Ligand SMILES: [Zn+2]
Ligand SMILES: [Zn+2]
């Protein structure tokens, strides 16, 4: 599972600060999460293939999270895209994008599907045999969702040496990978643990931006491997955070600790701070490990 933070700053794009966007490379999918201005350039810099993006998840309709989307949709057309593109985001996103396409008489020549969200409960928005993606209802100034990405269990790994030694026929291999014990011709039962290795543990990633401190999300993101949580402010600006419905680094760490996550990645820093080191320090007083999101930085978990 590779998380690439394309941009992780609040509000306006600046020379060295891109608004929110990231990709999650997981079980063969390259999911794009939020699409602030500059996302295309950041994708190019990170050498991520545009054609691999088939699903885009948008948290909310503040500009710093989706103003890059019309440009990207348009570029896909210019690149001659033929594959379907699915966009998941708040109700209104279809109107916003299609209005721009209509005004420019530049309809896509590839199938474009919108999945508009209105639910205030966590719902599954995408699922295949490898991955499940659900919403994480957040509490911000407008309707906002985070997204939870969960790998599914995979088959157990066949111990080829063992199955060969027991003389087990290939037609039983799938059964064994499904965890079944095997009865040999002589009537002896071989337990599955002798024939297989444990598969890798399914991984999970939760994206939470933007939101005020919202402990109700804890049960939804319980035990995830990695949590990205916004930290727009430091604790010294806690009042301002509450007023603008954002979080502090300390509050992000409290959520991480209560949800027992494996690691916390911070982002969505306000421009008022000269350095992001204080965010890490503040969060680490509550929870470890903490990683600072940085534009263009890839994390392998
Ligand atoms: Zn924002
Ligand atoms: Zn916002």
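Placement of Cβ uses the backbone N, Cα and C atoms for every residue, glycine included.
Where the annotation comes from TrEMBL, it is an automatic prediction and has not been curated.
Residues 64, 65, 268 are given by TrEMBL as Zn(2+) 2 binders; from 210, 223, 225, that same site also lists 210. Separating the Cα atoms of residue 64 (active site, proton acceptor) and residue 210 (Zn(2+) 1 binding site) is a whole-number distance of 10 Å. Highlighted here are the binding-site residues (62, 210, 268) whose C-beta falls below 6 Å from ligand 2: 62, 210, in sequence order.
Put simply, residue 60 (Zn(2+) 1 binding site) is 14 Å from residue 268 (Zn(2+) 2 binding site) when counted between their Cα atoms. Less than 6 Å separates the Cβ from ligand 1 in the case of 62, 64, drawn from the recorded positions 60, 62, 64, 140 in sequence order.
Taking the Cα atom of each, residue 210 (Zn(2+) 1 binding site) and residue 65 (Zn(2+) 2 binding site) are about 9 angstrom apart.
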